[in-house]
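**Q** Sharing the feature lines straight out of TrEMBL:
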type     : residues : note
TRANSMEM : 6-33     : transmembrane segment
TRANSMEM : 45-69    : transmembrane segment
TRANSMEM : 101-119  : transmembrane segment
TRANSMEM : 162-186  : transmembrane segment
TRANSMEM : 206-224  : transmembrane segment
DOMAIN   : 281-388  : domain 'FAD-binding FR-type'
Amino acid sequence: MGNWVVNHWLAVLFLVAWLGLNVFLFVHIFLKYEKDDKYYYTREILGTALAVARASAFCLNFNSMLILIPVCRNLLSFLRGSFCSRTLRKTLDHNLTFHKLVAYMICIFTAIHIIAHLFNFERYSRSHHVTTITLASVLSSLHHDKEGGFWLNPIQSPDMTVLYVTFTTIAGLSGVIITIALILMVTSSMEFIRRHYFELFWYTHHLFIIYIICLWIHGMGGIVRGQTEKSMNESHPHKCAQSFEKWDDHDPDCKEPQFEGHPPESWKWTLAPVVLYIFERFLRFYRSQQKVVITKVVMHPSKVLELQMKKRGFSMEVGQYVFVNCPSISFLEWHPFTLTSAPEEDFFSIHIRAAGDWTENLIRAFEQQNSLIPRIEVDGPFGTASEDVFQYEVAVLVGAGIGVTPFASILKSIWFKLQHSDHKLKTQKIYFYWICRETGAFAWFKDLLTSLEQEMEESGKVGFLNYRLFLTGWNSNIAGHVALNFDKATDILTGLKQKTFFGRPMWGNEFSTIATTHPKSVVGVFLCGPLTLAKSLRKCCHQYSSLDPRKVQFYFNQENF
């Protein structure tokens, strides 16, 4: 726990501040509506549910203000590449995690807001059905038959139902639409949906436009009302509430109270982030319209497509990613892919594995040799955690399957740096682990690893890169074939000098060895892979980091798109 706090103190501080602001805002607004004399008469009908509804509404506005900022990728990339320290960059890399946390908070306060208003509407309705004359019943009947809109109870008669008010008022109908949009966005964002039905996630997530618009107009109905300032001066509730039966007698000291709704406030909270996000989308649209020239198409084993491209003004760093669109497949869908080329190359490349309808259709389109090459649009590049790999003395790179792509960019860049004897290279040692289910996947970057082996031998840096390949899926034929050729100088599966391991790495042993070999180094651990693997690596980083800052420290970094 101590190591975790040391490595993530800024993220923890930010999270505590965000939670604290939510608590402060809720309590502050709750007490305002619970104590303010302006809402004395409103509380007479609604009770504490009034303050709960308003407090949750303000917290909803606060979190709706924050929800778009973590997905402004250009802003985050700019911050990462400017003045940010390593600690701040690591915090920025958790942008999608914070986006999800804010979304969960919006769901919680939406539920509280809805439940509170269910109580409010029930009490509004019940105040019309009391058999005796009470202050609540008198307040509910005020001003409905007069012009000016000074009424308090939106349910104007005993015959009007809660359902009718819900679907015939601006506040009620917009609230229903907001709730439906939120449910669709949240349920379609589940891990299973995003991985297997990405198109569904993509389209439903754009319901946030409807969510924001309805949020802006939600307060126009003025369902929750307070006494007007003029009426407060003429008939203060502390003086006139007890004499409500005499209001009809036109007593000049205690006139009938008049009420007004709140003007919409949500737009004040969310306007700036919405403008920022619109600018972000315009910038991304402009960049995506720049011409992309496909210079080379390669079909690799295991249904992996490699595209090498050029684009005017395109500049990248290692480990970054781009969004790709193919208009002939879908005009609206954009999918993220890590760049597999190095900044030193005169082109940029991506590797695409068939993992859904869109990727399968794209690969099929490029496999059709008699047809024209499909037009590709590219937006980016955007920064990720892997950009920081050369900021560490020792780097541990872990890729699972196609998750090797960001490290291909890093390894290629290392090859160029070794060729040109880059003395600015801070990194002294790299450990590379690649875990695959099938042997064909190793063919994707076999040539790159072969070139690296040769270059390190020629430059006298054989120990600079320590890489290990792990095969998790094999049968008896593969195992027998490997056993028969075990004594050969090169691996029978890959043709590399480094032999392939069967099974999964024993991460405890690996981290223990690295910690012993580099007892005073700062080690950056980078992963592009599944959550289960992330949990194991994160646990090892905390376990094998020393509380003494002068000794070995492991910093965990994970790719987030």
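Just so you know, glycine gets a Cβ as well, placed from its N, Cα and C.
Looking at the shown structure, what environment does each listed feature sit in?
**A** For the transmembrane segment (45-69), the list of distant contacts is 18, 21-22, 25-27, 29-34, 39, 75, 99, 102-103, 105-106, 109-110, 112-113, 116-117, 119-120, 123-124, 127, 136, 139-140, 152-153, 208, 212, 215, 224, 265-266, 269-270, 272-274, 276-277: same-chain residues at least six beyond its ends, Cβ to Cβ under 8 Å.
Counting same-chain residues at least six beyond the ends of the transmembrane segment (206-224), those with a Cβ under 8 angstroms from any Cβ of the stretch are 42, 50, 53-54, 60-61, 64, 67-68, 117, 120, 149, 154, 169-172, 174-175, 177-178, 181-182, 184-185, 260-267, 270, 274.
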**Q** So, by DSSP, how many helix, strand and coil residues make up the domain 'FAD-binding FR-type' (281-388)?
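**A** Its residues fall into 23 helix, 39 strand, 46 coil.
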**Q** Would you report the average pLDDT that the model assigns to the domain 'FAD-binding FR-type' (281-388)?
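**A** Computed over the domain 'FAD-binding FR-type' (281-388), the mean pLDDT is 83 on the 0 to 100 scale.
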